[in-house]
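Now, the feature entries from TrEMBL:
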- 1-22: region 'Disordered' (REGION)
- 119-141: transmembrane segment (TRANSMEM)
- 207-225: transmembrane segment (TRANSMEM)
- 303-323: transmembrane segment (TRANSMEM)
- 343-363: transmembrane segment (TRANSMEM)
- 422-532: domain 'TMC' (DOMAIN)
- 431-451: transmembrane segment (TRANSMEM)
- 488-513: transmembrane segment (TRANSMEM)
- 534-555: transmembrane segment (TRANSMEM)
- 603-624: transmembrane segment (TRANSMEM)
- 657-723: region 'Disordered' (REGION)
- 682-696: compositional bias 'Pro residues' (COMPBIAS)
Amino acid sequence: MLRRPAARSGRDPGEPAPEPGVEELGEQEIGRLWSSQAQVRGLPYAMVDKRFIRQLREPPGVKTSRWQRWRRRGQTAGRRLGEAARRLVRGFGLWEDALYEIGGLFGTGIQSYFTFLRFLLLLNLLTVLLTAGFVLLPLVWLRPPDTGPSLNFTLQCPGGLQPQTGVPRFHNQLWNVLTGRAFNTTYLFYGAYRAGPESSSAYSIRLAYLLSPLACLFLCFCGTLRRMVKELPQRLFLGQDYRSPVSVKVFSSWDFCIRGQEAATIKKHEISNEFKVELEEGRRFLLMQQQTRTQRACHLLTYLRVNVLIGLLVVGAISAIFWATKYSQDNKEESLFVLLQYLPPGVIALVNFVGPLLFVFLIQLENYPPNTEVNLTLIWCVVLKLASLGMFSFSLGQTVLCLGRNKTSCESFGYNACDYQCWENAVGEELYKLSIFNFLLTVAFAFFVSLPRRLLVERFSGSFWVWLDREEFLVPKNVLDIVAGQTITWMGLFYCPLLPLLNSVFIFLTFYIKKYTLMRNSKASPRRFRASSSTFFFQLVLILGLLLAVVPLGYVVSSIHSSWDCGLFANYAAPWQVVPELMALRLPPSGQRTLRYLGSHAFSFPVLILLSLVLTVCVSQSQANARAIQRIRKQLVWQVQEKWHLVEDLSRLLPEPGSGDSVGPEALHSRASRPRSFCPGFPCPGSPGPRTPRPGPCLEDPAGLFGDPGPARRFRLPSGSEL
């Protein structure tokens, strides 16, 4: 407790006399706290002392007004209320206990995958709330008038074909649910949304329907970017040669509030996994430092050869997806149309299953290190997954919107009106089927592949079953699968507004399916992942998927003609045309001129110049900070080298015990009193390397927990002594 200067001269009869210097130390401490700018709330003192410090900091002769006291109390009450609310949210947080158990048993790398699932669930629920609040509820509340009969138009279709009426040949209700045809007339798809003229209502359903997907994508981008920056690996800031102090984890990792045996077991596994991550990263760093220039050049040539072969495989895979989608859409009248409904999703799933196996086979032929093998396979799996979705979107657009094709209906209406009376619904059905198929594959692999494999391995014995073993829970593969599903959801926001609700249900079920697979049917991968690095990779891939979804959506909204007979934009050349119409109806002439100026080149060029200047300043500041960090590091190296020189001079002055000297408490004390390092847990920059060990009993320290990690650090022990 903080001791204030004595305010009275006498003491109680039983009170002991104060220690010498207590009053002086108290006065010095009070003076330091009075001149300090630290917040009183963060000081390690009792509440009575904090009130006294707050009174000391008030200017002399100035009395705190009643308004200031009331505002201070209100801020304190608001802060306490916010802390209580955060504790309540954490207490009722979704899957908190399950995440804690997974992190303790399998490490933070695998735990970050399940945390990523929860993050995607929150993003989808936010999208559903925005869509329901700005589109569905106003649409139900306003009850727009009947828009009248649909437009009558005659198409000159080749072969006497008429526009598709949407009636399926296969009258099976389950199949209609799986293909989405059972929901064609519901709010799940674009064609069911109707609204009257813009002048008949004060609230524009069309503008809300148009801006809701864009706002959702923008919020998802901001949330993902914030999470990615927050979870940046610390090595990007501290340098590649930085190693966290292991001794801190050795002596301060245990939680002494643990009482239960189960919680203690989970905590032990968690600490063990952290040490495994640290040691594996240290081993990889040493292997990279030991490579010569010749080895690096050979590895570079090998990378080029393998990447060319894998690139050819990726080109062949996306070509197969293109032709499968084209064949499925061009043969709608065939008797096998029922089987062709799921041909594109099936080919995409086959490509993403066989492709990584071929990648691993080609990479293993070159005898790469495990770390390089995993990273190279992962990069190409990301490319294959996103390229397959991009090619599916392009091939669908070429068939439905006649991109690069010349047809009579395309010239007249801007899309293939002979085969697709409501092309937005057709695209929405394809994305709906792709989302359904991805979830069904997750369920099938969990209960028809992983579960039987585990049962067979446990039932039979032999070299083959030992080699087969349980399936490894590969975090990157599972992340790519869930990112692909989220990318499909973002691509379908305009055509299938309630697809995020369906994806939320899938993510919720996927969490429990993957947890069951991890706990019962799988084993953790031998390669450990750090949580910060894993989360950064997850968010990066998610942003790439978001950009893949934004590009076709922006093109469709701004340039593609809407369907003539369905949806909100039936009478518009493009959905974005509703914005100029509303500007002319709702805004005064000054507001219209302002918006036109904001959208013109006269405004965009100065904004680009200003952004360039801001970016230049930020880059210059970043480079200056990097140079300052380098100077500080060099200064630290010089200081440590100077300290080591002083230690060496001191060791030369001290007498060395001879071989015949008796080992006693004084010798042990003199040996133990010499410092080995000023930086516990990791080598100081500028410190000398390991010295040649002297003869005598020694103790191996392969982990390098107490100094410079090396192949064999040895600690000399006196003869006859025990550790």
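Yeah, the Cβs are placed from backbone N, Cα and C, and that goes for glycine too.
For the domain 'TMC' (422-532), residue counts in helix, strand and coil come to 85 helix, 6 strand, 20 coil, using DSSP. Counting Cβ pairs under 8 Å to the transmembrane segment (119-141), the top-ranked stretch among 207-225, 303-323, 343-363, 534-555, 603-624 is 207-225.
Only residues 6 or more beyond the boundaries of the transmembrane segment (303-323), in the same chain, are considered here, and those with a CB under 8 A from a CB of the stretch are 344, 347-348, 351, 355, 358-359, 362-363, 366, 376, 380, 383-384, 387-388, 390-392, 394-395. Distant neighbours of the transmembrane segment (534-555): 108-109, 112-113, 115-116, 120, 213, 217, 220-221, 224-225, 227-228, 231-233, 382, 386, 389-390, 393, 397, 475-476, 479-480, 483-484, 486-487, 490-491, 493-494; these residues of the same chain sit at least 6 beyond its ends, with a Cβ under 8 Å from one of its Cβ atoms. Mean model confidence for the domain 'TMC' (422-532) is a pLDDT of 88.
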